[in-house]
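Enquirer: I grabbed these lines from Swiss-Prot:
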DNA_BIND  82-141  DNA-binding region
REGION    142-177  region 'Leucine-zipper'
REGION    181-246  region 'Disordered'
COMPBIAS  197-210  compositional bias 'Low complexity'
COMPBIAS  214-223  compositional bias 'Polar residues'
Amino acid sequence: MSCNNGMSFFPSNFMIQTSYEDDHPHQSPSLAPLLPSCSLPQDLHGFASFLGKRSPMEGCCDLETGNNMNGEEDYSDDGSQMGEKKRRLNMEQVKTLEKNFELGNKLEPERKMQLARALGLQPRQIAIWFQNRRARWKTKQLEKDYDTLKRQFDTLKAENDLLQTHNQKLQAEIMGLKNREQTESINLNKETEGSCSNRSDNSSDNLRLDISTAPPSNDSTLTGGHPPPPQTVGRHFFPPSPATATTTTTTMQFFQNSSSGQSMVKEENSISNMFCAMDDHSGFWPWLDQQQYN
């Protein structure tokens, strides 16, 4: 009984194990056959799959969601392999997809199904590749647009700088012309004032010279302040004698005192003087007395 009770504390294969250890001294008794080693990460992954916590469809779900950071790498354009479980596209598939993208960057459902059947891929893979390709195309397009706009901006900036310098030059020329016009107008005003003053001085000098050089008139004193009668043309051509000059002065004083017919008498007097200067003066006074009494 005691032996049986003592043997109950040991497993049933205890004796067999000891004999097995004697036959195989290199192997130590452990739980290695039952539990795998957890020293490496891939062993942890295997252990998790062994425990049933990772489903076999999890890799396909990761490929189809496309929300992870390595989604673009999973469906990148190159044909290199980064991992055994990542589905990569070969060069022929990439070329075919590039040609279809050049035809149209929008992917229709029918076109997606045709490409998936032709390339042997899932429709979700085709859609993700087109999304990534459109993103890269938009980025390149933005870079091209930025370069074009930057060149245009540089050109416009250079033209603006040239226009600013030209505008400053024109403003400087305008200011110079304004200053020149002001100085010229001032000089012209001074010249006109000087010429006007010179003309007034010259005219006043001329008047003074005329007044100073004019001979005094004796006729006004003889006629009692009245202006002398106008001279006729006959006097210049037929100058009178001294005797006729005295008679003309007396007759002039006589006719100036008369009221009516003074101008007619003066004309007749001048005509008679002209003829008397040429002929004898014997018949002048009787005719004049007869004219007065008439």
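The backbone N, Cα and C atoms fix where each Cβ goes, and this holds for glycine too.
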Enquirer: In the DNA-binding region (82-141), how many residues does DSSP assign to helix, to strand and to coil?
Expert: 43 helix, 0 strand, 17 coil
Enquirer: For the region 'Leucine-zipper' (142-177), jot down how many residues DSSP puts in helix, in strand and in coil.
Expert: 36 helix, 0 strand, 0 coil
